[in-house]
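These features come from TrEMBL:
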- 12-29: transmembrane segment (TRANSMEM)
- 49-200: domain 'Peptidase S54 rhomboid' (DOMAIN)
- 50-73: transmembrane segment (TRANSMEM)
- 93-116: transmembrane segment (TRANSMEM)
- 123-142: transmembrane segment (TRANSMEM)
- 154-175: transmembrane segment (TRANSMEM)
- 182-200: transmembrane segment (TRANSMEM)
- 206-223: transmembrane segment (TRANSMEM)
Amino acid sequence: MGRPLFYDIIEKPATTCIVTICSLIWFVIQKKSIGYSQVGLSYETAIEGHYWRMITSAFSHISVLHLVFNMSALWSLGVVEQLGHLGLGTAYYLHYTLVLVVFSGVLVIGIYHLLIGRFKIDYFRRVTAVGYSCVVFGWMTILSVKQPSSKLDLFGLLSLPISFAPFESLIFTSIIVPQASFLGHLSGILVGYAISWGLIGGMNNYWALTILGWIVVVFVFSLKKSGAYDFSFLEIESLTDASLPSVRFIGNGRTLQASAVPLSGVEVV
């Protein structure tokens, strides 16, 4: 007889919350008949300023099979929360989940930009991605480096050595589910290696809260500016210079506007 689920829930609080959130979002999507185009991320929507889709696409699933696969893998990967003695644990898990969500989304859009601009493959303009797979593949990769003796359990039936799981799963999903985002999964793997090898590091509560704060700001402003949602308390308008947006908080009459700074001789890379 296996260990009661209750103990796993207690030892994996962050994983439990994320699985619950993704499941609830899936339920709402089904209830309201929401499609890929309404919550998914594509190159075209990104360059149009729909930055909020980087978050909605990560936590949204349209297919129940997609949801079950990702959440089953994520639950197994939640063992990261139980490895505090190895320098991992719940805080580490939360900090780098934020990093994986943001960096893998930015990386996949960057790859699309390269393929479209450099190689003229316009197909990737309209490829729309949804799902938590980028983060799942990222954690597979991190665990394969940090704890290579671990196993990845899927559906409680299939157990894979974690050291091979990222690329085994990448090939497996590409064959079984042809419409799966190969580049999205690959982005998660690359960011996972960057975290594991210390190329992306130094995360603590301060930086996690700072990143989370910016995510909320960009999420709300891009929702408003793209017209996807009308926040009645917030108005964005341009004053004197169309390139300098101002923000007005309705009700108190206050307006904030960025100021112009000469940038001659400066290159932004």
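Cβ atoms here come from the backbone N, Cα and C positions, even for glycine.
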Checklist outcome for this item: Beyond a gap of at least 6 residues from its ends, the CB atoms lying under 8 Å from the transmembrane segment (154-175) belong to 68-69, 72-73, 76, 133, 137, 140-141, 143-144, 147-148, 182, 185-186, 189, 192
Next on the checklist: With pairs fewer than 6 apart in sequence excluded, do the transmembrane segment (123-142) and the transmembrane segment (182-200) have three or more C-beta pairs that lie under 8 Å?
Outcome noted: yes
Next on the checklist: At a Cβ cut-off of 8 Å, and with pairs 6 or more apart in sequence only, do we get at least 3 pairs between the transmembrane segment (206-223) and the transmembrane segment (50-73), yes or no?
Outcome noted: yes
Next on the checklist: Across the domain 'Peptidase S54 rhomboid' (49-200), what does the mean pLDDT come to, as a whole number?
Outcome noted: 92
Checklist entry - Is the transmembrane segment (93-116) packed against any residues at least 6 beyond its ends, judged by a Cβ distance under 8 Å, and which are they? => result 14-15, 18, 41, 43, 46, 54-55, 57-58, 78, 80-81, 122, 124-125, 127, 129, 134-135, 138-139, 142, 181, 183-184, 187-188, 190-192, 194-195, 200, 203-205, 207-208, 211-212, 215
